[in-house]
Amino acid sequence: MQLLRKPRRRSSFPRPRRQSQTSNKPPHPLQPRSHHGRENARHHSRRRRRIRLHRYAPLHQPRHRIPLTHPGLGAMGTPMAANIRLKLPASTTLHIHDANASASAAFCAAYSFHGPITIASSAAAVATHAHTLISIVPGAADVRSVYLDPLTGVVAAPANGDRVMLECSTIDVATTREVGGALAAAGRGTYVDAPVSGGVPGAVAGRLSILLGMAADAEAAFRSRVDEVAGGMLGDPAKVFYLGGLGNGLAAKLANNYCAGVFNLVTAEALNFGIRAGVDKEELVRVVLASTGASFMLEKVCPVPGVDPEAPSSRDYEGGFRVEMMPKDIGLAVQMAEGLGAKVETGRAALRVYEEAAGVEELRGRDASCVYRFLGGPE
């Protein structure tokens, strides 16, 4: 990328491309059929925004003969499940479960043209038929419910030592080790913490980074299967990382999200005072990108409106990683660090700022780069 002129780059949060009503081009394979036409695109976009991340479990009979499930039909879970449906044989049924029945119905309506989809009654019902499960839900309580609820959770499914469970949520390390231990003791299979990075665009493209925490014996037994699912269906094969014991995937994810959150905040602060001092906003961003202050967050999620037309800031901060989610991730990282005796002075300060920003009603639901607006940055 040439940094001395304004680069043309793909945003981390691209707007969906709309086809004209007269276009003969086929839709993107992950684009639901209801997206044909400009009005239908708007209608489906509004409907998708109402879908929330809840527990669910899509199950399928993939090419590699290993039944697989996937709980969570939210902003990340929906495109992840869509990629699974796309990469399964057209004759294979995908079974899903979500606590939000409307989310399951919307997914079926949008993606069943790739192959049959049925809705299961619970995570336990799906796990009964599955050897490989994938889940992504909002928090630790949801993870416990999906896996440990005695009536509806995976623990209520029949014992199966060949079952592998990839849990992709961002939660605390202690919970993932508790859940994994309980499932192992009950003979329900091998639980792997597998948090993902890459955001909604990475999930849509099937190019997520996947950070895996699993014991050495489990890796030896199941690595080929995990590679096929993580690298072949959901992620970029070059960005599937095996990081050792259970919980290590989450430890790495929290370290990464800590960096991203802090970089996002300090970038917003620096651009705020630089622009206030009189530097043109586009020139200032070009300078930082070409210098030692460059970061992924500035390149992909510039917080200043009007600099990058594809950044959330230029769409009134719509789309992307919601600001109210940032305190959760940084808070988990700070909690983990303090429990290990590691100092995180910058993180505690950033956590306070994000908590305040997330409490502003006008900013809720907007991308975390709106912290620039919270700081009073010139727009």
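Just so it is clear, glycine is given a Cβ too, placed from its N, Cα and C backbone atoms.
For reference, TrEMBL has these:
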- 1-48: region 'Disordered' (REGION)
- 1-18: compositional bias 'Basic residues' (COMPBIAS)
- 72-230: domain '6-phosphogluconate dehydrogenase NADP-binding' (DOMAIN)
- 247-374: domain '3-hydroxyisobutyrate dehydrogenase-like NAD-binding' (DOMAIN)
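Sorting the domain '3-hydroxyisobutyrate dehydrogenase-like NAD-binding' (247-374) by DSSP state (H, G, I as helix; E, B as strand; all else coil) yields 88 helix, 2 strand, 38 coil.
On the 0 to 100 pLDDT scale, the domain '6-phosphogluconate dehydrogenase NADP-binding' (72-230) averages 91 in the predicted structure.
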